[in-house]
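Encoded as structure tokens, the structure appears first; notes follow it.
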Amino acid sequence: MTDKQEHATHSEQPKPLIDIQTGNKTVDGSIRRVSRFAAWFQAIPAVAHFIRALERFNDRLGSQFGAAITYFSFLSLIPILMVSFAAVGFVLASNQDLLSELINKIVSGISDPTLATTLKNTVNTAIQQRATVGITGLLLALYSGINWMGNLREAVRAQSRDVWERKPDDQEKFWKKYLRDLISLIGLMLALVITLSLTSIAGAAQAAIVNALGLADIEWLRPAMTAIALAISIMANYLLFLWIFWILPRHKPRKKALFRGTLLAAIGFEVIKFVMTLTLPKLASSPSGAAFGSVLGLMAFFYFFARLTLFCAAWIATAKYKDDPQLPEGGRKKGY
């Protein structure tokens with residue numbers, strides 16, 4: 001082998017991941033072995049896919065978009081609380097017995113007269129201003145919900161499109177954008193209602209069947225029922241995320257990538273819900289947690305949901321599977 005051929009052979013060798021030389025043969029040998037292992041580990045298809053998705057998530061401001069979605073999610077709760085406040089007012093106004101019972105519980109259950117008077121005035125305000133508060137809350141909820149959907153759509157599209165920069169086709173008219181986001185918001189609400197109903201009905205039916213057959217006292221059946229309930233919950237999550245990753249991107253993703261990425265999101269969302277159910281009671285047990293625990297827990301839930309959604313969108317966009325056809329557009333209009 002000539003000097004030129006030997007030089008060309010060395011130049012074609014990939015640069016080691018850990019390019020450190022200490023001069024000690026033992027240490028340098030250990031570094032080379034660690035470097036080779038790291039290169040082998042990163043070459044595993046699943047690991048390489050995860051790294052590509054993580055790089056896209058970070059390069060396209062996934063954390064920042066997640067924080068923005070969290071902010072708008074929390075902000076949207078204010079008009080929802082206003083609507084709930086008005087709904088309570090309508091219920092109390094039409095049920096005098098319930099109103100009297102509530103006022104009696106306030107008076108008897110609170111030792112501080114000032115606080116009791118304040119709560120009684122709040123109840124009276126809910127009754128007197130129920131229509132105004134309800135209409136205002138509905139309008140604000142509609143406006144904030146449309147903006148929330150618009151931010152979620154743009155964040156998902158930022159992870160999904162081929163290039164980071166927005167193309168001229170991404171620019172839309174003001175009225176068209178709001179109409180599209182309104183339709184998407186309604187679709188998301190319907191998908192959420194369907195998934196929650198599916199989970200509730202399946203759970204109730206499962207308990208009813210077990211009790212009807214007299215199987216409630218069988219110990220080994222409890223883990224099986226828990227596994228069934230978990231599978232139903234993951235399936236409901238799957239339907240919700242399938243809607244998000246199918247509708248919000250501008251172009252349809254590839255079939256295998258979409259289905260696997262949606263499953264990843266569904267399982268991750270179930271893990272988030274499980275962790276929240278474990279941490280929130282402990283957080284609320286402390287004096288400071290009783291005051292701020294629910295707020296912090298809700299913000300954390302929104303943030304983790306947003307990050308999970310955007311990471312899985314990046315995961316779907318960076319998937320490289322053989323024989324993974326592009327899904328048909330199905331008559332979708334350009335720019336939707």
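Cβ from N, Cα, C; glycine included.
Per TrEMBL, the feature compositional bias 'Basic and acidic residues' maps to 1-13.
What TrEMBL records for 1-22 is region 'Disordered'.
Cβ atoms under 8 Å from those of the transmembrane segment (71-93) belong to residues 99, 102, 123, 126-131, 133-134, 136-141, 144-145, 147-148, 151, 298-299, 302, 306 of the same chain, restricted to positions at least 6 beyond its ends. Sequence annotations record features per position, and here TrEMBL assigns transmembrane segment to 71-93 (among others).
Per TrEMBL, the feature transmembrane segment maps to 182-204 (among others).
Within the same chain, residues 152, 156, 187-188, 191-192, 194-196, 198-199, 202-203, 206, 210, 252-253, 258, 261-263, 265-267, 269-270, 273, 309, 312-313, 316 sit at least 6 positions outside the transmembrane segment (224-246) and bring their C-beta atoms closer than 8 Å to a C-beta of that stretch. Taken from TrEMBL, the feature transmembrane segment covers 224-246 (among others).
Feature annotation from TrEMBL assigns transmembrane segment to 258-278 (among others). Remote same-chain residues near the transmembrane segment (258-278) are listed as 230, 233-235, 237-238, 240-242, 245-246, 252, 297, 300-301, 304-305, 308-309, 312-313, 315-316, 319, 327 (criterion: CB distance under 8 Å, separation of at least six residues from the stretch ends).
Under 8 Å from some Cβ of the transmembrane segment (290-317) lie the Cβ atoms of residues 49-50, 53-54, 56-57, 60, 62-63, 65-67, 69-70, 73-74, 77, 152, 155-156, 159-161, 241, 244-245, 249, 253-254, 257-258, 260-262, 264-265, 268-269, 272, 276, 279-280, 283-284, all in the same chain and six or more residues away from its ends. TrEMBL lists 290-317 (among others) with the feature transmembrane segment.
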